[in-house]
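*Asks:* I am attaching a structure below and will ask some questions about it afterwards.
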Amino acid sequence: MTDTYQKTATVTKAPVFSMAQVAPWVIAVIFLMVLPIAFGSNSAITIMNQMMITIVFALSYNMLLGQGGMLSFGHAVYMGVGGFFCMHLMNIVEANELPIPLPVLPIFGGLFGLGLATIVGSFSTRKAGTVFAMISLGIGELIAACSVIIVAFFGGEEGMPGDRTYFLPFFGTEFLRQIEVYYLIAFWTVLSALLMYLFSRTPVGRMANAVRDNPERAEFLGYSARWVRFFSFCGAGFFAGIAGGLFAINYEILTETNLSTTQSGIILLITFLGGVGFFFGPILGAIAFTLLQSVLSLQSEIWQLYLGALFLATVMFFPGGLAGVLMMHVPAARMGRLGWLVGPYLRTILPALIGIAGLAALMELLFHVRHSATGDTDMTLFWVTFDSHSILPWIVAIVATVGGIWLARQGAPKLRETWHRANTPGAAKTTGGAA
Amino acid sequence: MDLVVINLIDGLFYGLLLFMLSSGLTLIFSMMGVLNFAHASFYMLGAYFAYQISMYLGFWMGLLIAPLIVGIAGAGVERYGLRRVHQYGHVPELIFTFGLALLIEELVKFFWGNNLMAYQEPEILKFALFSVGANAVPAYKVFMIFTSIAIFVGLLYVLTRTRVGMIIQAALSYPRTVEALGHNVPLVFMGVFGVGTALAGVAGVLAGPVLGTFPGMAFVLGSIVFVTIVIGGLGSLWGALAASLLLGWLTTFAASSSFQFADLLNFFGMTRPEDMSESYLRDLWSLTLPQIGPILPYILMVLILVFRPYGLFGKRDV
Amino acid sequence: MTVPALQLEGLRKSFGKTEIIRGVDLSIGRSERHAIIGPNGAGKSTLFNLITGRFPQTSGKVRLHGHDLAGMAPFEINRRGLSRSFQITNIFSNMTVFENVRCSLLWSQGYKYSFWNMVSRSRELTEGAMEILEQINLTSRAQLPAGVLSYAEQRALEIGITIAGGADVIMLDEPTAGMSHSETDYIVELIRKVTENKTLIMVEHDMGVVFGLADYISVLVYGEIIATGRPEEVRANPKVQEAYLGAALEAEH
């Protein structure tokens with residue numbers, strides 16, 4: 001967050017968007033269009049839908065954290081409330097046969113998220129930092145707790161179900177099939193992402209960065225830090241509400257889980273893993289997290305432990321997240337020196353991965369021994385089934401852990417040196433030629 | 001009347017428990033400017049460690065050893081984690097402690113599973129000390145109240161009467177100056193973090209048998225503790241005390257009251273609708289005060305923030 | 001008589017029982033370059049903070065072009081045409097140099113809190129920012145993050161941010177603090193250039209800078225102004241020599 005900065009639009013005299021700015025969006029649209037052709041199975045589309053909803057949510061969260069410097073522990077509330085409102089609207093449309101097409105529904109979710117954000121933001125954006133974080137947590141808890149009490153709106157513990165197919169057919173589509181929902185969500189994802197990107201280029205979006213870096217200085221430029229925060233907050237609430245509307249359309253039910261602080265924590269985790277310093281960071285985070293979740297949760301009972309460890313490691317060692325790590329390579333890439341790094345990377349990261357896999361195996365073994373039913377000693381790990389109470393798997397895991405980490409440490413100095421040289425203009429690939 | 005006395009005792013118990021957490025949290029916050037999101041996780045660790053120790057050495061050794069281990073763990077976290085993240089600023093520090101809270105919860109699940117632990121108060125304190133009307137007051141609760149008061153008096157003595165306390169107080173406001181005077185401020189920070197987390201550990205050891213020892217216990221109490229220090233005013237020890245007791249009594253009295261919102265609606269001349277399923281106010285008619293007891297702290301926090309943004313005792317420039 | 005750019009009337013400020021500013025009366029005319037000097041702890045920075053609305057005053061009045069500034073937040077004061085720099089470098093270090101300057105132009109160019117304009121599409125903003133960068137000689141640094149600039153460059157950038165908004169009263173808090181001789185000369189020239197036809201109020205320790213730049217000098221000692229006047233008058237004032245300048249001037253000779 002500190003050493004990363006928003007990439008500036010290049011200082012061009014011509015006031016039009018350059019190719020470099022437009023190209024990623026065109027590619028994204030084409031990519032989303034053809035994706036279901038490559039992965040057409042229902043489960044793949046389910047995952048992709050979830051991914052896109054998470055992208056909108058994470059981007060809206062980063063309007064607060066990355067761009068505005070506001071750490072929220074209660075952002076799920078705006079998505080949830082927007083979603084609940086859309087559920088009600090769905091039921092009203094069904095009951096009264098209102099002539100509204102389904103694709104406009106997220107707008108209403110967004111407006112409701114915006115409304116709630118306007119109320120909460122009016123007193124929570126006075127300060128950033130710790131105070132803001134604590135208020136967001138308190139409000140989040142308050143609304144989450146209300147969901148059990150105000151049954152009329154939140155549906156109590158059963159949640160609020162609805163049916164998306166009663167809307168006015170949209171060019172003959174009634175959204176009975178997953179693939180139709182996919183394109184609806186894809187449209188809203190691209191539109192929301194584009195709008196959020198453009199927001200970051202507007203005066204208030206630019207000032208959000210200024211206020212994040214130095215609220216006091218911003219005040220002496222004529223801007224009230226509080227109002228700048230308030231506008232970012234409202235924008236974030238609006239797009240979170242849109243994500244909630246998309247959730248409502250996709251799943252046709254919202255429950256109290258959607259409002260919970262756990263949900264708010266997850267979106268913080270996703271956004272931070274992806275990287276808060278760059279616009280595309282949260283997109284990476286949402287994609288990586290959804291894939292990780294759908295793969296790991298099938299493989300391991302303690303995947304959340306790994307996730308927690310990964311998150312903590314990211315905070316400590318890579319505060320720029322995934323996007324930060326990627327962007328670190330830009331200077332070397334500009335000088336055409338990425339090739340230099342391949343060898344040292346392989347020599348360090350490969351053993352490190354083996355070490356991590358070994359460590360994970362140890363954890364799984366320990367977990368199995370501690371928590372499996374008595375007599376159940378069979379376990380499957382890395383596609384191998386074995387007896388967790390015998391000595392051999394333990395030895396293999398320990399050897400892999402120790403060996404992998406040792407090898408990685410051996411390769412690290414070389415990697416550091418090559419990294420340094422690849423980023424120093426005019427440096428040679430190796431020290432002293434053939435020495 | 002009897003109920004009032006019982007509620008006063010229960011509220012005091014809960015309030016002091018809150019203060020044991022919020023005081024450490026406040027001390028750490030005012031010294032390092034970082035709100036330790038994982039503070040309640042150390043409370044949970046205290047309970048789990050004490051449970052594990054009590055299985056072999058009994059409750060009293062648990063009470064003695066578990067907070068020590070928690071404090072050492074806390075100091076380690078400060079030394080090897082927080083100090084590293086400090087260079088990135090306060091928000092990453094807060095995110096770090098948030099991640100730590102996640103990880104500790106997962107670790108607890110990893111080692112002890114998801115179930116409630118059979119951690120109980122010692123046999124020697126399992127009796128009713130006295131009773132008020134028909135309500136018995138367990139000796140353990142009274143023991144807890146006195147233990148926590150003793151700890152605070154000790155803490156207050158150390159902070160205001162000893163040399164170490166003076167250095168800590170000075171380091172709170174002028175860390176640079178204190179460092180220039182030759183004191184090892186990072187060590188002081190680590191010590192305060194250790195003591196603060198150990199205090200949370202004590203709270204965990206004491207509360208574990210009463211409130212239950214399970215992986216969600218950190219989260220249940222944690223958010224209330226944060227609300228407490230926001231209400232009291234970030235960084236104010238007296239504010240933390242006042243808010244802790246206030247919330248303790250507020251939630252206890254709310255939980256035991258028989259107030260129904262239907263009465264209030266009737267009082268304002270509204271009549272109960274015949275067909276409840278159509279009325280949007282239907283939830284209000286069936287609402288009781290004990291039901292909304294758990295969210296009262298949050299409502300109070302919002303009110304405080306709207307009318308007194310810096311908390312009850314907060315300084316304006318925190 | 002015209003309305004002075006900035007007027008202080010019986011300004012007082014206490015922190016607890018300690019009175020830091022003890023009744024300051026000062027009138028600074030338009031397009032005047034006014035330096036406030038005084039020994040350490042005289043309350044110069046506090047005076048700055050009172051004028052710019054960072055702290056509320058205990059009593060007294062601050063008038064900017066005749067308008068009372070009582071109870072105004074810094075951003076409101078700024079919108080009335082007063083801009084300031086800080087003793088400690090205070091820039092947006094994660095943003096590029098260009099962005100720093102462009103942000104400081106936004107309000108004065110009337111963009112306010114708009115979220116329907118694209119900043120990069122505005123020719124006025126881009127050209128305005130480049131013009132300021134030209135003035136402070138940072139054109140070649142435009143795309144670097146401000147945090148990586150050298151100290152003197154950061155100070156120059158800070159002055160650029162301060163003047164960019166087009167304020168006509170500029171307040172600089174120790175603009176040359178911690179600089180080498182050549183850097184100081186460079187910044188003084190810069191200040192002279194960018195504050196042409198503007199009212200400049202500055203706190204400064206370097207007497208060379210003060211006597212080279214200021215039209216008028218006020219001497220603040222223990223929260224009171226003991227002398228105000230042309231540099232040569234202040235230099236000759238026995239009270240000033242006794243309280244403050246004597247030591248400094250002797251040291252110079």
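Placement of Cβ uses the backbone N, Cα and C atoms for every residue, glycine included.
According to TrEMBL, the feature transmembrane segment maps to B:12-37, B:49-73, B:94-112, B:139-159, B:185-211, B:217-238, B:245-268, B:288-307.
Could you place these features in context, so I can see how deep they sit and what lies close by?
*Replies:* Sequence-distant neighbours of the transmembrane segment (B:12-37) (same chain, 6+ residues past either end, Cβ-Cβ under 8 Å): 43, 82, 86, 90, 93-94, 97-98, 100-101, 141, 144-145, 148-149, 151-152, 155, 168, 171-172, 175, 188-189, 192-193, 195-200, 202-203, 206-207, 221-222, 224-226, 228-229, 232, 234-237, 239-241, 243-249, 251-252.
Residues of the same chain lying 6 or more positions beyond the ends of the transmembrane segment (B:94-112) and with a Cβ under 8 Å from any Cβ of it are 34-42, 44-45, 48, 77, 81-82, 85, 215-216, 218-219, 222.
Here the transmembrane segment (B:185-211) has long-range neighbours at 17, 20-21, 23-25, 27-28, 31-32, 36, 39-40, 42-51, 62-63, 66-75, 77-79, 82-83, 117, 119-121, 140-141, 144, 147-148, 151, 155, 167-168, 171, 175, 178-179, 217, 220-221, meaning same-chain residues at least 6 beyond its ends whose C-beta is under 8 angstroms from one of its own.
Tertiary proximity for the transmembrane segment (B:288-307) is limited to same-chain residues at least six positions away from its ends with a CB under 8 Å from its CB atoms, namely 224, 227-228, 230-231, 246-247, 250-251, 254-261.
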*Asks:* What parts of the chain pack near the transmembrane segment (B:245-268), using Cβ distances under 8 Å and only residues at least 6 beyond its ends?
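*Replies:* Those are 3, 7-8, 10-19, 224, 227-228, 231, 281, 284-290, 292-294, 296-297, 300, in sequence order.
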*Asks:* Any residues 6+ beyond the ends of the transmembrane segment (B:139-159) with a Cβ under 8 Å from its own?
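*Replies:* Apart from its flanks, the transmembrane segment (B:139-159) reaches 9-10, 12-13, 16-17, 19-20, 23, 121-122, 125-129, 165, 168-169, 199, 202-203, 206-207, 209-210.
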